[in-house]
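J.: One structure, pasted below without further comment.
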Amino acid sequence: MVLNHDPSLQPMNGNGGNKVPGDSGFDQRILTAPIKSAVDKFQLLPEFLKVRGLVKQHLDSFNYFVKTEIKKIVRANNLIRASRHPHIYLRFLNVKIRKPSIVDESVTDEVTPQTCRLSDQTYAAPICVDVEYTHGSRDDPRLHKRLNVEIGRMPIMLRSCCCVLYGRDEAELAKLGECPLDPGGYFVIKGTEKVILIQEQLSKNRIIIDTDKKGNIAASVTSSTEKIKTKTVIVMENEKLWLHLNQFPKKVPLMVVIKAMGMESDQEVTQMLGRDPRYSYLLLASFEECRKCNVYTQEQALEYLDKMVKRSMYSNNSAEKEGRAFSVLRDVFLANVPVDGDNFRPKCIYVAVMMRRIMDAILNKDAMDDKDYVGNKRLELSGQLVSLLFEDLFKSMTTEVKNLTDKMLDKPDKAKNFDISTLLNRTQNIITLGLERTLSTGNFEIKRFRMERKGMTQVLQRLSFIGAMGHMTRVSPQFEKSRKVSGPRALQPSQWGMLCPCDTPEGEACGLVKNLALMTHVTTDEEEAPLISMCYSLGVEDLELLSAEELHTPDSFLVILNGLILGKHRKPLRFANAIRKLRRVGKIGEFVSVFVHNKQHCVYLASDGGRVCRPLVIADKGVSRIKEHHMKELMDGVRTFDDFLRDGLLEYLDVNEENNTLIALYEGDATPETTHIEIEPFTILGVIAGLIPYPHHNQSPRNTYQCAMGKQAMGNIAFNQLRRMDSLLYLLVYPQRPLLTTKTIELVGYDKLGAGQNATVAVMSYSGYDIEDAIVMNKASLDRGFGRCIVMKKYSAVIQKHSNDTSDRILRPNRAADTTGRMRILDDDGIAAPGEILKPFDIYINKQSPIDTRTPKTGSAANLPDSAYRSNAQSFKGHGGEVVDRVVLCSDKDKNMCIKFLIRHTRRPELGDKFSSRHGQKGVCGTIVPQEDFPFSEKGICPDLIMNPHGFPSRMTVGKMIELLGGKAGVSCGRFHYGSAFGERSGHADKVEAISETLVSKGFSYSGKDFIYSGITGCPLQAYIFMGPIYYQKLKHMVLDKMHARGSGPRVMLTRQPTEGRARNGGLRVGEMERDCLIAYGASMLIYERLMLSSDPFEVQVCTKCGLLGYYNHKLKTGICSYCKNGDKISTMKLPYACKLMIQELQSMNIVPRLKLADA
């Protein structure tokens, strides 16, 4: 780090001056001076990414589940007791997850993720419990203990605390076959990498004020506890307050509910709302509705509600005794507010707050809540989702054990020496298969909460390294993508710094699927009990001690923790500042947030999981707390990111708490009122948008387009890419680092695993092959390897074992009988040899399968004669020219031998291949020109690509122009230039003036334009040409994969028309618009040929008398009309078969189309 010395502060010679004895020449005033710019603060980012952010939230969430949540779940359901014999029981004492392993013929071996990928197995670890149980007969059981009983297997997240990769250094990871840059955070299920997407949903246990479908103002609370999830809605309809709850089929007057909870006085209800007389006026109609129902006391109210409850609910005896309505009010209505015995007062106060919020919204529309505000959202991470799933499966397992126990004890012969612990071995698959199935399909079904969600997991995108990183930070909505509403899709101001404003897909998911910003952290749950006791010690007055009138005094604010009202405080700002001070010194959790809401007269505290927050530098009266000596300690390795938090220099703020702050972008912008300073402005962008140089100079949609295309760019996916056996792998042969880089590129490791090449681009018109963004390419550059890529495809074959003890086999090739030469690439073991070049229809494994796989065989199945087998050889169906790269033999979980072939195809760019710069400007290769015809500069520089200048004016990608200048300056002076977002002021982006001065000093033009000669005539061109290096990406869309033509081929059985799609060798569709075009040109014979002759021609018999379709009688060799019962007036004509089918389908619905035929 460079310290900016001021000459006036230099230590004086001799004994005087400011020099500190024993110091190494640094001035103390300099070391304690505040940091001057973001150049100093940048070192905080790599330190942050070591401990938080990006994929770390997945890991933290899963680690919290493994260390805490799973123990809570087992503790809450730790007893299984027989129904009729209560002294027979099993109790779970402890639970732990061991290291990942596989069981092979009762031998347990530790396993690595790479092994599971290659052998198509699940990377899972055994869940072991210690159990205490009764053993012996049902009349005389004895107590026993067993340790480490396996109850199932848990898929393990890579790099989590249970993973074998946890805490390993680079050398150890390389030995295990893993890439050090791979972040983990995903699962390996049946050999496939699966990632659980971050799920976005409305926050639980919070009051949300919004309008319902009819436009009425409603307050809703989605209550979520460990036992139940319910939704409570209070709505103001026709000036009366009503309650909507699933347990009540019809809406219920709210005042009746309040009376049922013991608050019989109307005056007390009015006092609970506050002193504003308008509240009392708005309540009059609701009180009148209650009087119409003849409800005045608690007994009458409960009796009224008893009649309203669904009969199917609470039909058990205990609910009958105390009243169904009472049970609903205690357990279902506002389930997040606990009830102590018969004391419903906390729920009454909660209802009063909801009523007050509704009335505030009626009196002032600004008091409505915005559902799309990020502070009202929660993100569910993989740990929370796996926790829900495990709890459901664990309860299913304990229920199954209990049912089996009851069945066994009813049989006297099995009940004599009964051991309940042995049943755990029989129920292992409930948890193992349940977790594996859910993570494999992505369909979460949790019956207790009636929760059914689809598409929760996806196969991790391994097209490029940065694509995988982006996939890990993707946020998936619960909102229906097909609904055309703009609200949830719009860019919210509250997303600043939390969600990337650029990285969102196009189409129906636009604005709904989002990505986390670079420094976003998603919180996990924290204990509430210490916070509650701390709040009371800081002066919060308990609800129980307050009368109804004291609740809403003008100078006091309600204190609400995670949606639960604790009490009120008379000095809200002092209380909030006290909480912040405790957080900054580490006395409470670093992610606890406190937010003073002046309009609602509430102080909100939050410690729940799923909130998005980010770190900011704390400022005192506009001066940053981080001094230069702090940053020096950080660079020397003495100080870590967590030390900055513990010393109160940084803190995490969530979206709600940001409303109480004034945040400056730079130190120079700070005023005395400033409370926080941004660490880095470019951290508002996500991982993928951070790769774009100078994005703040581009038109906004261009950055969004690049975020989509950056994921499709070929490059290197990992250091272990040549050891992997992915289904499809695209690799660039010569990937490069971008000459114009950004700080994000260095932070995430894109400079080590790039996905593009630096191409010298000339911006000029050259022939007509560069229109519409097409690119003219230099043949010599392609010969040297520009844009060359390798496509790897996996083909596999399984040697199946059948139920009758027979199995498939591989035969050595019979070369004498192979007249076609299809077996030429086979080795002596019947498997294709690595390095062999494949041609279409070459056999790569000479497999045979038994003809009879059902009839049980006597004797050895291995001695079957050759006649009992049929050929099942697998042949290659590609283009040809591919090479067998590797062959891997392994066994799957069913002990079948699996043979995997990795086929390599090296491709050079050809016409129609797609390329893109990092500014959303994509284009296909228009033509390839020999270098001798290409223009060249006076220095002999010949461009690799020529781009049409019409690509700039309408797209307004000024960032691409600056990238060309920066790359040119970088090449000429031998250093990488930077183009980080908003970085000119902080020194993270080179200024255009400085770049231009560098160009001039190296003999180039100030504007980046060069004097160019024509390669065809040799004469100078009449204009200066803008030329320099730009980083270009080769995208996965290649002509060879899309090229498709068909003469004849398969047809659909129903319509007899050609199939659809390239994969099924389908036809090329002539649609409605193509038909209209042909009609407009009057090309009737072409229409006839396309729509019938080349599609589905069919001869039909038509009766000229009635116009209906007949049929042809082959015996009589004549057509017959079924309606007229004769064949006198039958004509033969050609129709498309689909038309004939439609006529018959219409006839089946009593619609009779008649064909009127004229004489030809």
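From the backbone N, Cα and C atoms, a Cβ is placed for every residue, glycine too.
Grabbed the feature section from TrEMBL, which reads as follows:
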type	residues	note
DOMAIN	53-421	domain 'RNA polymerase beta subunit protrusion'
DOMAIN	204-380	domain 'RNA polymerase Rpb2'
DOMAIN	458-522	domain 'RNA polymerase Rpb2'
DOMAIN	559-619	domain 'RNA polymerase Rpb2'
DOMAIN	641-673	domain 'RNA polymerase Rpb2'
DOMAIN	688-1064	domain 'DNA-directed RNA polymerase subunit 2 hybrid-binding'
DOMAIN	1066-1156	domain 'RNA polymerase Rpb2'
REGION	1-22	region 'Disordered'
J.: Is it true that the domain 'RNA polymerase Rpb2' (641-673) and the domain 'RNA polymerase Rpb2' (1066-1156) have 3 or more CB pairs under 8 Å, sequence gap of 6 or more?
T.: no
J.: Which one, 53-421, 458-522, 559-619, has the most C-beta pairs under 8 Å toward the domain 'DNA-directed RNA polymerase subunit 2 hybrid-binding' (688-1064)?
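T.: Most contacts with the domain 'DNA-directed RNA polymerase subunit 2 hybrid-binding' (688-1064): 458-522.
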J.: Helix, strand, coil: count each for the residues of the domain 'RNA polymerase Rpb2' (1066-1156), based on DSSP.
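T.: Across the domain 'RNA polymerase Rpb2' (1066-1156), the residues distribute as 32 helix, 24 strand, 35 coil.
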J.: Tell me, roughly as an integer, the mean pLDDT over the domain 'RNA polymerase Rpb2' (458-522).
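T.: Here the predicted model's pLDDT, averaged over the domain 'RNA polymerase Rpb2' (458-522), is 92.
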J.: Across the domain 'RNA polymerase Rpb2' (458-522), what are the DSSP residue counts per state (helix, strand, coil)?
T.: 14 helix, 12 strand, 39 coil
